[in-house]
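Take a look at the structure set out below.
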Amino acid sequence: MPTTVKLNDGNEMPTMAFGTGSVMKEKEDVTGFVEQALDSGFDHIDTAPIYYNENQVGAAIRESGLSREELYITTKYDFGGPIQKAVRDSLDKLGLKSVDLYLIHGPNLIEKDVEGSWKEFEKIKEDGLAKSIGVSNFNVEQLRKVIKIARIKPAVNQINFNPYNYASQKAAVEYAAKHGIVTAGYSGLTPLSRSPGGPVDPVVSTIAARLNVSAAQVLLKWVRSKGVAVVTTSSKKERLAEYLAVEELPDLTAAEIAAIDAAGAKGPPSTASPVVHFL
Ligand SMILES: NC(=O)c1ccc[n+]([C@@H]2O[C@H](COP(=O)([O-])OP(=O)(O)OC[C@H]3O[C@@H](n4cnc5c(N)ncnc54)[C@H](O)[C@@H]3O)[C@@H](O)[C@H]2O)c1
Ligand SMILES: OCCc1c[nH]c2ccccc12
């Protein structure tokens, strides 16, 4: 049974999510990849309207034969427009009566009316269309604005979180934790995927050799060591098994965590592909 974290609304969220937003080529059909992830033991799927695959995620869920209670589904508000219509559109595409977690995909989607928008999110939870509500890509100031007016606090903030941006994301993680908000981190494998060849690589390799695990497992273990849940992905079955084994691996030592922090603070190699801000 995958590990879960307790959210501030009493619900539990599996700490290892399979993301459908980026592995695959633009507009590639992800149905088979989601089926493979569910087959491998993932029970948390992360999607969004802007990934244009909620219908495919829905098909994979039905194909898996898993019951609704065995699955945790996250989707997001990201195209703008009326929020109640957006959530109903997502539920229609997914073929579900409710999602487990509904996130605001980025702060600018609600900046014109933070209070009114968050009230719509609170209504979604109260109406049972989402069991939990949260945000994504929010910094401390943006979290503060929501918390100030919230009757129901966000349960989760999903952000880019890897050794190369740890120095700048640390404050958001700590602020969230202080307010009982769980941080979920995407792009945790940046040193392997987008920015290979940087100062984090040799540090991760040394730790991987000591533990006899993969570099990806060391990086995800590092994410978990910061109290951050994981959203990752792969089209490869072997990697899915690696990711799922992370919770059972021995913890990194404090010195190893500090060594990754220090290497990450030096920044990514200059060859790194630039971070693209979609939202
Ligand atoms: N909320 C947001 O704004 C937002 C933004 C980006 C992503 N996401 C979500 O997070 C998910 C994961 O994002 P990501 O893809 O950036 O995560 P990630 O950093 O975990 O990268 C996953 C990629 O790393 C590759 N990888 C794994 N091991 C490797 C190795 N040894 N060498 C080279 N490559 C390796 C995988 O094959 C996969 O393509 C997305 O699918 C999406 O669901 C959300
Ligand atoms: O989750 C936001 C970043 C992202 C990942 N995959 C995408 C596809 C289209 C638009 C944005 C994204």
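Quick reminder: no glycine exception, Cβ is built from N, Cα and C everywhere.
Over in TrEMBL, the protein carries these features:
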type	residues	note
DOMAIN	15-263	domain 'NADP-dependent oxidoreductase'
ACT_SITE	TYR51	active site, proton donor
SITE	LYS76	site 'Lowers pKa of active site Tyr'
BINDING	HIS105	substrate binding site
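Each residue contributes its Cα atom, and for HIS105 (substrate binding site) and TYR51 (active site, proton donor) those atoms are 12 Å apart. The most crowded of the recorded positions listed here (LYS76, HIS105) is LYS76, judged by how many other CB atoms sit within 10 Å of its own CB. Cβ neighbour count for the residue listed as 'active site, proton donor': 20 (other Cβ atoms within 10 Å of its Cβ, all protein chains included). DSSP gives TYR51 (active site, proton donor) a helix state. Rounded to a whole number, the distance between the Cα atoms of LYS76 (site 'Lowers pKa of active site Tyr') and the residue listed as 'active site, proton donor' is 10 Å. A coil conformation is recorded for HIS105 (substrate binding site) in the three-state DSSP classification, outside any helix or strand.
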